[in-house]
């Protein structure tokens with residue numbers, strides 16, 4: 001059985017070494033990088049399943065590196081490490097394509113739990129778990145969402161990279177077509193956790209998804225906003 005690959009990118013040598021040792025003891029294959037240049041080299045050599053990425057690296061910081069990598073099609077789960085866990089920092093990370101966050105200092109056991117959670121979201125679920133769902137490719141704006149293949153394809157059939165949480169949101173929408181889903185309900189169904197006060201992560205991810213499926217940001221029709229209530233997926237739009 002292939003071990004999941006974890007890439008730890010942080011400019012603190014002691015932290016890199018500690019996390020590499022700890023995660024390897026938990027059964028993962030781990031590589032490390034000290035900056036964005038090394039991060040790119042490691043990914044070019046071997047793709048990672050999950051990247052643990054420090055925001056405040058020298059040179060190109062973690063936010064800029066992640067935004068660039070996502071634009072290039074990076075599909076790995078990403079957990080960002082930050083020394084300042086402000087709302088603005090989290091929003092910037094979500095806009096860049098982060099899946100989760102850890103504020104330094106942290107317990108390695110908590111990071112391990114978050115790594116495993118991201119990996120679970122990346123794994124295909126059992127098809128028998130939702131027999132009422134059609135696994136035929138589903139229209140999604142200018143694209144097609146293929147639940148069985150776990151991918152979004154454009155009109156030419158090219159795959160469009162999705163983060164684990166973006167996939168989870170599309171999965172939920174296709175299971176609940178034409179239903180108004182509140183932000184809190186989307187968070188529970190897609191991510192398995194309650195929505196905290198002031199948390200805009202659902203809005204940001206839907207904004208990113210609209211861009212990926214070719215929606216008009218000023219008047220989206222497929223992933224519609226129902227003001228004061230939530231969002232609605234219209235497969236016929």
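Using the three backbone atoms N, Cα and C, a Cβ is placed for every residue, glycine included.
Straight from TrEMBL, the features:
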DOMAIN    5-119  domain 'Response regulatory'
MOD_RES   54  4-aspartylphosphate
DOMAIN    130-235  domain 'OmpR/PhoB-type'
DNA_BIND  130-235  DNA-binding region
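Confidence in the domain 'OmpR/PhoB-type' (130-235), given as mean pLDDT, stands at 87.
Per-class residue totals from DSSP over the domain 'OmpR/PhoB-type' (130-235), listed helix then strand then coil: 33 helix, 22 strand, 51 coil.
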